[in-house]
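Notes for the one structure printed next.
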Amino acid sequence: MNSVSPAAAQYRSGSPEDARRPEGRRPRGPRVPDPNGPRPSGASGPALGSPAAAPGEPDEVDKFKAKFLTAWNNVKYGWAVKSRTSFSKISSVHLCGRRYRFEGEGDIQRFQRDFVSRLWLTYRRDFPPLAGGCLTSDCGWGCMLRSGQMMLAQGLLLHFLPRDWTWAEGPGLGPSEPAGLASPNRYRGPARWMPPRWAQGTPELEQERRHRQIVSWFADHPQAPFGLHRLVELGQSSGKKAGDWYGPSLVAHILRKAVESCSEITRLVVYVSQDCTVYKADVARLVARPDPTAEWKSVVILVPVRLGGETLNPVYVPCVKELLRSELCLGIMGGKPRHSLYFIGYQDDFLLYLDPHYCQPTVDVSQADFPLESFHCTSPRKMAFAKMDPSCTVGFYAGDQKEFETLCSELTRVLSSSSATERYPMFTLAEGHAQDHSLDDLCSQLSQPTLRLPRTGRLLKAKRPSSEDFVFL
């Protein structure tokens, strides 16, 4: 069999199909929700028979249930880690826009280094309580937010570091159980990292400083600009709260707001497409500077799409592969139904992904030389395209005007390819502004004759589509 289980690279397989988690007794106090069941809003007041907890702090029942769900979640994840997944020696592997062939040890090592260098953001436990409640873990409900964090983190790596950057201390691939992590009792928020090595002023030192700074921005602390606390806070304006399920479209808008409000990042903006359409003039207006001679800002473009009905329509698979081959693609925030994953590549008919469902202790990033192992995954995982949830968000990054023009050319080619002629494209590129197109559509409708129907009875109220609905084939 022409495959390699690269123990040469110790690759591990992906997680099995989700099983329903057993539900125990329901205390009256706030509880960690069942990830596969309805998302509760929580309740106030302590559980019967338990001492009242201080405001904003979980009681003993909540702590026990959080620990139980964490243990159950990690049992499922750990079981999957024990099995191996094989990679073909014949077919190319595409990872974050780069192509690899496992023809020799050097090829495997380059893939190892590239994969391990991606930021891996997972469930965490024992962090400060989230606003408006007493949850100290996102286990069971925060996977889509974590997938969104990983996509934004990949954009920040491209924005601040060279495209060929890899983590110099990245370990070899193997089981993804990080070692030596502490669960701090006190939280002081993101702080500047004091370098432990390398001579002052070297490029390696500056890149490692930036790497650690990016990681600290995603810390599980209220002060972190892209941490879970901040994302949950921004989701409140859309009616979401800690413990709710977040869809890929909503998370895209939350990320846009988070970048807008971050004072530490001034040359990066986020654009979220409307109605599966990227309007070039809107992007240009967003990234342009008041001075026409000044350079454009960098932009992360997020495109929420729906690629089928209940399941993925296979006609979209070639287009998804084409997009994942682009160096300007940040990957796909999606997953399986009720199980979010971050897709960063593929081989043959299988997607490569990072899984946020492993629950780890919170890391205090205010400590000098805080451990990085839990932010980098050593276990590549694969999933068949057929299992992909059709609702997802595709991400792209353009560092300047030239890269944006290159991206538009690539997308035009991919979306208008021969494989897309007999179906709806994943999304479209359009000249001008969204406002102009809306006005043109309105004028064309007003210019047509209007047919008035007699009132023959009670009018039926049309169902209003949700923000997560899209037109699909």
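Including glycine, each Cβ sits where the backbone N, Cα and C put it.
Look at Cys143 (active site, nucleophile): DSSP puts it in a helix. The annotation active site, nucleophile is assigned in Swiss-Prot to Cys143.
Look at Swiss-Prot and you will find Asp355 (among others) tagged as active site.
In the three-state DSSP classification, His357 (active site) falls within coil. The annotation active site is assigned in Swiss-Prot to His357 (among others) on the grounds of similarity to another entry.
Per Swiss-Prot, the feature compositional bias 'Basic and acidic residues' maps to 15-26.
Annotated compositional bias 'Low complexity' per Swiss-Prot: 39-56, in sequence order.
According to Swiss-Prot, the phosphoserine annotation covers Ser466.
Recorded residues His357 (active site) and Cys143 (active site, nucleophile) have their alpha carbons 6 Å apart, per Cα-Cα distance.
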